[in-house]
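*Asks:* Below are the features I grabbed from TrEMBL:
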TRANSMEM  29-51  transmembrane segment
DOMAIN    41-308  domain 'G-protein coupled receptors family 1 profile'
TRANSMEM  63-86  transmembrane segment
TRANSMEM  106-128  transmembrane segment
TRANSMEM  149-174  transmembrane segment
TRANSMEM  194-226  transmembrane segment
TRANSMEM  247-270  transmembrane segment
TRANSMEM  290-311  transmembrane segment
Amino acid sequence: MWPNGSSLGPCLRPTNITLEERRLIASPWFAASFCLVGLASNLLALSVLVSARQGSSRARSSFLTFLCGLVITDFMGLLVTGTIVVSQHAALLDWQSVDPGCNLCHFMGVIMVFFGLCPLLLGAAMASERYLGITRPFSRPAAASQRRAWTTVGLVWATALALGLLPLLGVGRYTVQYPGSWCFLTLGAEPGDVAFGLLFTLLGSLSVGLSFLLNTISVATLCHVYHGQEAAQQRPRDCEVEMMAQLTGIMVVASICWMPLLVFIAQTVLRSPPAMSPTGQLSRATEQQLLIYLRVATWNQILDPWVYILFRRAVIRRLHPRLSTGSRSLSLQPQLTRRSTMQ
């Protein structure tokens, strides 16, 4: 409960928006169109993934399992959060009348954190899988790769959900954010708000950093094999190039979409003097910045499926016809094995 007024619920705080402004921006059509584009993109990617899984190798099947988990996560994130946002726009952004007990706000806060962290954590898991598959090709049992991939996806979901539930246990708070159509973590100066904001930022940033590190090593290994002394006999397979192209694209999209929001959250909760007043109010500029960064982050769920759709072998071959030559059908694994044996 905010100290300035008992009429506000635990998730409701003063926002810099008038009733007239609410009426001007309350049209649900933009939010609905944005959501429909994302849902259609993920459905298209999911149909392509289902076709690609048939007859794929074990290593590629494991990678496709991670991609399926990512696409399903993005689809459900857009569906659930989009439904709430559109309904709030239809209600003229009057959250207090729709959800006076803040149950819907708490639910949305949990799923915003869950669906926000999942793509970043899955990107790090995919980077780890490809790193091991390229640099340690025989370190894991191939027969269990797909089962292990689904287990990893489940662990990622569980980790993100556990973090999202922390404010319901007293660490941090979920509050309605400007213009009144969504709920997210509170950028306040309370110890719980600061701790939760930094934990969210740290976990997301570490996921992006780990993805960058492992993908860089994997790409460097592929380039070494490609241009090595035995390159004429042992070139990377098309599927290995394809998977790294898709994974690099996913990493770049996630970094561009999410890092501005993560940096902004960390800067705001650590700001001195605090960005949020004791009454729970942020400046108009801070609220608008948060909304812009959140919208940029949401594009991650729309662009992820297009990375997979556009970075398939068929497209890569058109851009680089030499990849379809017969010498590329051999795997880089024998060369890596011989190199490790010589050492």
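Backbone N, Cα and C atoms are what each Cβ position is placed from, and that goes for glycine too.
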*Asks:* Do we see three or more Cβ pairs under 8 Å linking the transmembrane segment (290-311) and the transmembrane segment (194-226), pairs being at least 6 apart in sequence?
*Replies:* no
*Asks:* Looking only at residues six or more beyond either end of the transmembrane segment (29-51), which have a C-beta under 8 A from one in the stretch?
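*Replies:* The answer is 64, 67-68, 71-72, 74-75, 78-79, 82-83, 85-86, 89, 181, 298, 301-302, 304-306, 308-309, 312.
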*Asks:* Any residues 6+ beyond the ends of the transmembrane segment (106-128) with a Cβ under 8 Å from its own?
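*Replies:* For the transmembrane segment (106-128), the list is 11, 63, 66-67, 69-70, 73-74, 76-77, 80-81, 84, 152-153, 156-157, 159-161, 163-165, 167-168, 174-175, 182-185, 200, 203-204, 206-208, 210-211, 214-215, 218, 247, 250-251, 254, 258, 297, 300-301, 304.
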*Asks:* Below 8 angstroms Cβ to Cβ, which residues of this chain, lying six or more residues outside the transmembrane segment (149-174), approach it?
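*Replies:* Sequence-distant neighbours of the transmembrane segment (149-174): 10-11, 62-63, 65-66, 69, 73, 102, 105-106, 108-115, 117-118, 121-122, 125, 129, 183-186, 188, 190, 192-193, 195-197, 199-200, 203.
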*Asks:* Within the domain 'G-protein coupled receptors family 1 profile' (41-308) only, compute the mean pLDDT.
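*Replies:* Summing pLDDT over the domain 'G-protein coupled receptors family 1 profile' (41-308) and dividing by its length gives 88.
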